[in-house]
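Features of the protein shown, as given by TrEMBL:
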TRANSMEM  6-24  transmembrane segment
TRANSMEM  44-65  transmembrane segment
TRANSMEM  71-93  transmembrane segment
TRANSMEM  102-124  transmembrane segment
TRANSMEM  130-147  transmembrane segment
TRANSMEM  167-186  transmembrane segment
TRANSMEM  192-213  transmembrane segment
């Protein structure tokens, strides 16, 4: 008979795979940035928020904070490296205030993690206390990660176009939230349940916006391509 621990491990492995897909899902966006050599209207905030979230979960899963959390460390360690690559590309192709903002946010991320690790490891001695403190921070910043596309969602509603809120990213967030919520409920871990359940709701909201503005997004995209083609014709004449 399959035990709940085995089921939880299997779900955790699936969660790792889905989370990896989530971390890799912005690759088309960064291919576009590299190709155009411009960040256009894409925001660095979701990647900064995801980086902070990954680093906090790595800290949470360390043996001297919460033992037996290998699956949490592996995927968030990989996520940390991937997000750093994205942010480097963003810095490379941004300029002015956008680059300064990205650098400032990156510095705040690093300083915050270093401060939290130093305080937790030096003041709190028991696993329970360390898990509680870091867990609360993980809840807060995981919710912030899931909520970080809210500014883009506001732009979608205002412009009636979801061009700058990639569908594949919204889908990845949905399945990621669904899997980790399930994982956390098998052996209840509130620190995992709360942020991932809320993230699941945010992802559903994004998918609803894609459904609502699908036609207008395509129409605006086609109109933009037509205007570019017309301008090119005028230039060659």
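Glycine too: its Cβ is placed from the backbone N, Cα and C atoms.
Annotations in TrEMBL come from automatic prediction, not curation.
Stretch with the most C-beta contacts under 8 angstroms to the transmembrane segment (167-186), considering only 44-65, 71-93, 102-124, 130-147, 192-213: 192-213. For the transmembrane segment (130-147), the residues of the chain that approach it from at least six positions outside its boundaries are 46, 49-50, 52-53, 56-57, 59-60, 64-66, 116, 120-121, 124, 173, 177, 190-191, 194-196, 198-199, 202-203, judged by C-beta separation under 8 angstroms.
The transmembrane segment (71-93) makes no contact with the transmembrane segment (192-213): fewer than 3 of their CB pairs lie within 8 A, with pairs spaced 6 or more apart in sequence.
Within the chain carrying the transmembrane segment (6-24), a Cβ under 8 angstroms from the stretch's Cβ atoms is held by residues 50, 71, 74-75, 78-79, 82-83, 169, 172-173, 175-176, 179-180, 182-183, 186-187, all 6 or more beyond its ends. Here the transmembrane segment (192-213) has Cβ contacts under 8 Å with residues 138-139, 142-143, 145-147, 149-150, 153, 156-157, 160-162, 165, 167, 170-171, 173-174, 176-178, 180-181, 183-185 of the same chain, all six or more residues outside its ends.
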